[in-house]
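Now, the feature entries from TrEMBL:
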- 71-89: transmembrane segment (TRANSMEM)
- 110-126: transmembrane segment (TRANSMEM)
- 156-182: transmembrane segment (TRANSMEM)
- 202-227: transmembrane segment (TRANSMEM)
- 303-323: transmembrane segment (TRANSMEM)
- 329-348: transmembrane segment (TRANSMEM)
- 396-417: transmembrane segment (TRANSMEM)
- 429-449: transmembrane segment (TRANSMEM)
- 455-476: transmembrane segment (TRANSMEM)
Amino acid sequence: HSTDFEVHRNWLAITHNLPLSQWYYEATSEWTLDYPPFFAWFEYALSHIAKYFDPQMLVIQNLNYSSHATIFFQRFSVIFTDILFIYAVRECCRCVNGKRAGKDIMEKPTFILAALLLWNFGLLIVDHIHFQYNGFLFGLMLLSIARLCQKRYLEGAALFAVLLHFKHIYVYVAPAYGIYLLRSYCFTANNTDGSLKWRSFSFLHVTLLGLIVCLVSALSLGPFIVLGQLPQVISRLFPFKRGLCHAYWAPNFWALYNAMDKALTIVGLKYNFLDPTKIPKASMTGGLVQEFQHTVLPSVTPLATLICTLVSILPSVFCLWFKPQGPRGFLQCVVLCALSTFMFGWHVHEKAILLAILPLSLLSVQRPKDAGIYLILTTTGHFSLFPLLFTLPELPIKILLMLLFTVYSFSSLKSLFRREKSLLNWLETIYLFQLVPLEIFCEIIFPLTPWKLTLPFVPLLLTSVYCALGITYAWLKLYVSVLTEPISVRHKAE
């Protein structure tokens, strides 16, 4: 089983056995509680059901406990909570423009969107094979998006506030929510040219939004503030001591940065520019399994990643404020915020790419340009998740599932936009096809070579770097699309 399986079993035990004051201090297992309080309460509620399946799973000292009853309960709990995700997909489909609908129900944008969301390959393997509870969390996110698209602003704001206190990674897209609510709800009117009418500012609306945020935050963090434990909770939620990158480099800018540092180190050693005795051991031997230390390029600090992230988000937020285009502009900003923080964030996990892929699905059935970007991002993003499933029996499963989803994505979107030109150009097509030989090399050829013992990190490095190129390209292409789109087209779209 994956480490996340044991993570959530341990959290069940912690919340079931210990008082609230010890939840964020307990450290018997290395997998300490590091999600916000609402998720801790969610685990607490599950634990009172889990005790009827196998009480031993709730013993804190039973590390790596995985009886059949435990496996059944945890797997079933993920499936059951996906009900919220299914409902959210239904609500999102109601927001989709159906003008392009064909005669065949399978060619309707709503049907294609439902399939792309419900059968998303990445969400399927991360939740139901690897093991996490992303389904109902993304359900909250999609439901909040649907409510904002339906102009039910307070409901959307409340749902997103609750979501942030379930899993703080969604703070990645908080700027998009904040600016959109301020622009569309707190200011109630525009001028005839589309610019903001400053006199339309509603103090009542701002007050209502503030009350919602404060109420949700008080329910979540209030008990820990009373106990004087807020700093401890914050330190668990934002562990900056973990290092720039995860054990497996997420396919982002820092993966390319690390790879460049490795390449420069090799060149420096070959031509005697560097002293071998001063090279950090983890830099060239441990590869991706230890905290990476830069040798040639400057080391990266949390502050540097924060600055890079904020700078990369600013253009999308600028467009959302000064060039409003309604829900589509909001969705574009959500995707760009998610991608920007994925590209430049500190200690980003590869699974965070789903935060951009799922909302981009809503855009992919609206315009061929967005559909092309979606195909590039999903194919490379999903391929980058392959290392999560590393055992031999899982190899055919992940390949087959991804092939099925990828083929459907390409065929359905191509059918939807059959009157348009090709969704991908020849260079993009070649890039995606090169994922096939990359997988063959990493899974079949490399294990048969002597490099497996001396350079065990090579498959992960190649996967991370190659996928980082595709994700970076999709991010830049979406940004160019948003920044260069004529204002007249924006108003027409709205």
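Any Cβ shown, glycine's included, is placed from N, Cα and C.
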Surrounding residues of the transmembrane segment (110-126) on its own chain - C-beta under 8 Å, 6+ positions past either end: 85-86, 89-90, 92-94, 96, 98, 101, 132, 134-135, 138, 142, 351, 353-354, 357-358, 361-362, 364-365, 378, 381-382, 385, 388-389, 398, 401-402, 404-406, 408-409, 412-413, 416
Chain residues outside the transmembrane segment (455-476) and at least six past its termini with a C-beta under 8 angstroms from it: 248-253, 255-256, 259, 262, 286-289, 336, 339-340, 342-343, 353, 373, 376-377, 379-381, 383-384, 386-387, 428, 431-432, 434-435, 438, 441-443, 446
Residues from the same chain, set at least six apart from the ends of the transmembrane segment (156-182), whose C-beta lies under 8 A from its own: 35-39, 42, 137, 140-141, 143-148, 209, 212-213, 216-217, 219-221, 237-238, 313, 316-317, 320-321, 329-330, 333-334, 336-338, 341-342, 345, 352, 355, 359
